[in-house]
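Heads up, the thing below is written out as structure tokens.
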Amino acid sequence: VGFKAGVKDYKLTYYTPEYETKDTDILAAFRVTPQPGVPPEEAGAAVAAESSTGTWTTVWTDGLTSLDPYKGRCYHIEPVAGEESQFIAYVAYPLDLFEEGSVTNMFTSIVGNVFGFKALRALRLEDLRIPTAYVKTFQGPPHGIQVERDKLNKYGRPLLGCTIKPKLGLSAKNYGRAVYECLRGGLDFTKDDENVNSQPFMRWRDRFLFCAEAIYKSQAETGEIKGHYLNATAGTCEDMMKRAVFARELGVPIVMHDYLTGGFTANTTLAHYCRDNGLLLHIHRAMHAVIDRQKNHGMHFRVLAKALRMSGGDHIHAGTVVGKLEGEREITLGFVDLPRDDFIEKDRSRGIYFTQDWVSLPGVLPVASGGIHVWHMPALTEIFGDDSVLQFGGGTLGHPWGNAPGAVANRVALEACVQARNEGRDLAREGNEIIREASKWSPELAAACEVWKEIKFEFPAMDTL
């Protein structure tokens with residue numbers, strides 16, 4: 001046969017519309033915007049090639065192996081409604097292309113060099129189907145939803161949190177004081193801001209000590225289990241682990257990590273440590289909008305959320321639908337359910353391109369955070385349901401009477417909404433009424449209602465289908 005040098009069309013090798021996908025394949029849905037003049041089949045095949053075994057020219061060493069078991073295949077192409085120059089390319093990757101238990105390796109292949117590819121104007125990974133065989137190579141979340149509820153002894157309602165503000169500039173002792181006041185007032189958790197690591201005005205060890213003191217004092221006074229997400233994110237993995245170890249020595253229930261800026265390798269390491277040592281792991285998604293906000297390029301957040309469930313985390317920030325940060329309702333609900341449910345049906349109206357079976361990998365609690373306050377409580381309770389964490393930063397600390405009354409207001413609002421829902425009332429329609437009724441017997445809630453009655457963050461969402 002001989003070796004035929006030269007450049008040949010990708011579609012001859014990598015576009016295979018007759019391919020039957022295997023249960024073990026990783027499936028990807030890409031939104032492709034080709035350069036003018038590049039046909040869809042060629043662009044789709046190019047994506048499959050560049051993210052698997054292909055290179056730009058025929059190489060002699062192809063003859064030393066069979067590409068068939070290893071190549072990515074573009075097996076289906078469909079137009080995007082309302083967009084002339086875009087289409088969705090479906091690509092199947094054989095399982096053997098990926099290292100077991102490594103989100104890092106999976107992303108290096110699937111969203112690696114191919115995103116800088118010249119024949120494409122833009123490329124966005126919309127969804128991934130992770131096969132059972134690959135899911136089973138991951139530990140996943142350190143504990144999951146049920147274990148967390150059992151550790152905290154809190155059932156039948158969403159959990160309440162609060163990010164301590166001002167996020168930068170407080171001394172450790174004043175920071176601990178704010179933590180204590182919020183927990184004492186009735187919150188379940190307080191949170192280090194994602195940018196709080198170990199800065200000159202507050203070194204991590206001092207913060208950990210004062211926060212631990214705040215946790216134990218508020219626990220003793222309320223009889224409830226309390227937690228503060230101690231941010232273990234650091235400049236090196238060794239420093240990160242040092243912080244996690246110190247948190248364990250203090251006996252606190254939960255630590256935190258910024259998984260995108262910290263990286264998947266660091267995150268998976270920390271998740272393994274957390275399972276071995278009984279720590280819950282709260283995950284913040286700082287940097288996600290750099291990757292997921294553009295509609296035609298990058299990666300959708302639902303893919304980042306799936307990756308986090310594999311890498312490991314017990315809480316993941318997932319937008320709010322009602323606050324100050326991006327999130328269309330149906331789409332947000334799609335990636336609220338993805339991390340926490342065992343089985344998610346394909347549903348294009350929610351942006352879900354594939355049915356995903358998580359085969360008993362523990363679930364992750366979605367966290368609603370960003371510009372929310374007591375008036376949003378009915379909507380949040382209805383949209384997110386019991387298995388969620390609702391975080392009010394400014395919505396707690398901005399209370400006119402102080403932090404503890406701010407916490408009281410949120411807890412009263414939540415308990416009122418949960419009770420109303422359990423009595424069969426419609427939170428979507430009667431939400432404001434429920435909050436008003438509750439505020440009659442809670443002066444703290446009444447004051448909060450007064451402060452935030454006019455606040456709205458109304459901009460059209462970017463994340464549309």
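From the backbone N, Cα and C atoms, a Cβ is placed for every residue, glycine too.
Residues Asn113, Thr163, Lys167, Arg285, Ser369 are given by Swiss-Prot as substrate binders; from His315, His317, His399, that same site also lists His317. Its Cβ taken as reference, Asn113 (substrate binding site) is surrounded by 10 other Cβ atoms within 10 Å in the chains shown. Counting only same-chain residues at least 6 apart in sequence, those with a Cβ under 8 Å from the Cβ of Glu194 (Mg(2+) binding site) are Asn231, Thr233, Asp258, His284, Ala286. Around Lys165 (active site, proton acceptor), the C-beta neighbours below 8 angstroms that are at least 6 residues distant in the chain are Asp193, Gly393, Gly394, Leu397.
In this structure, the C-alpha atom of Arg285 (substrate binding site) lies 14 angstrom from that of Lys191 (Mg(2+) binding site). Those same-chain residues not listed among Lys191, Asp193, Glu194 yet with C-beta within 8 angstroms of the centroid of the Mg(2+) site C-beta atoms are Thr163, Ile164, Lys167, Asp192, Asn195, Val196, Tyr229, Asn231, Met256, His284.
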